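A quick write-up on the structure given underneath.
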Amino acid sequence: MKGLKQSTQTHVVFMLCILSLLVLPNLVASECTCDKSEETHDKAKALRFKIVALVSILMASTIGVCIPLLGKIIPAISPEKDVFFLIKAFAAGVILATGFIHVLPDAFENLTSPCLSDHPWGDFPFTGFVAMCTSMGTLMVDAYATAYFQKSHLQKAQVAVTDVEKEEEHVENNEVDLHTHVTHGHAHGHVSSNKSSELLRHRVISQVLELGIVVHSVVIGITLGASMNSETIRPLVAALTFHQFFEGMGLGSCITQAKFKRLSIIVMGLFFSLTTPMGIAIGIGISNVYDDNSPTALIVEGIFNAASAGILIYMALVDLLAADFMNPKMQKNSKLQIGVNISLLLGAGFMSFIAKWA
């Protein structure tokens, strides 16, 4: 009887194991559904959170992008001061962490979703491919745009110097004075050309950086606006507010160094500040028909997120950090180097921490 009882227990355990192997995969698979969510959400409560998010993100974006632009009013944060390097490094750390920790994982999640067909989305790592291509494309645009503007400015400078020389030929002055004046004109043109070349470089950087930030801002704005779950929206409000504030500081720093005209500064600042709120408004408008699990939504969001990540990572590493870290002013100041490194780590760490809710 004892042997029979042990045999029965063994048989029961064996059957339970077989049953668990058959049932558990189905239970796990049932957790991941590609159907539109049928949960009942409080739309009025979700809408209130969305309006709060829209207002707070608009204010944070505007304040963030304006702080570096106040260098003329507040001399302590002008581009010539050491504090400006610290602010820019912190903002660059935020942008870098945004690309690596927040945007790129979202893109991987979108483009590897079980809601997409295995072919072709399961056959190739499209997320990394799009991010890589976008980074290389940004490099090419960056290089060609800079070269084009430099060549254009150099031609204008040469024409200006030639005109000066022609005018001097008609003036009957001492030969030595004439030679000295023309030589001074060439030297002045050379110095002016170098300064203009650096200025054009900053302008290209600020415009390309704004493009990458805007692409990401539209996606997160639409995603937040289309969500109907107030429990999901609530933590996003604080996270995205801080996120947009520090991204605005990074962009504002680049705009400050580019020394655009007042109208261009206002347009770029407004464009950045309004992008995420406009995305939220669009998301609210399409929330009744938007399905975040549909293949089209997943593919579009995934590609845009991957492209944005590629741009942000390239800009943060190459145009923001490398340019400042190799700056002669920083190379000669060991205390400033230490401070900038700490500021960079704090910015990246802070954004990595709040990415948990974003």
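Note: Cβ is positioned from N, Cα and C throughout, glycine not excepted.
Quantities reported herein were computed from a predicted structural model and do not represent experimental measurements.
What TrEMBL annotates here:
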SIGNAL    1-30  signal peptide
TRANSMEM  46-71  transmembrane segment
TRANSMEM  83-104  transmembrane segment
TRANSMEM  124-145  transmembrane segment
TRANSMEM  263-286  transmembrane segment
TRANSMEM  306-326  transmembrane segment
TRANSMEM  338-355  transmembrane segment
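Same-chain residues lying 6 or more positions outside the transmembrane segment (124-145) and placing a CB less than 8 Å from one of its CB atoms are 104, 107-108, 110-112, 204-205, 208, 212, 302-303, 306-311, 313-315, 318-319.
When Cβ-Cβ distances under 8 Å to the transmembrane segment (306-326) are tallied for each of 83-104, 263-286, 338-355, the top count falls to 83-104.
Beyond the ends of the transmembrane segment (338-355), by six or more residues, the same chain brings 82, 85-87, 89-94, 96-98, 101-102, 238-239, 242-243, 246, 321, 324-325, 330 to within a C-beta distance below 8 angstroms of the stretch. Remote same-chain residues near the transmembrane segment (46-71) are listed as 77-79, 84, 87-88, 224-225, 227-230, 233-234, 236-237, 240-242, 244-249, 251-253, 255-256, 265, 269, 272-274, 276-277, 280-281, 283-284 (criterion: CB distance under 8 Å, separation of at least six residues from the stretch ends).
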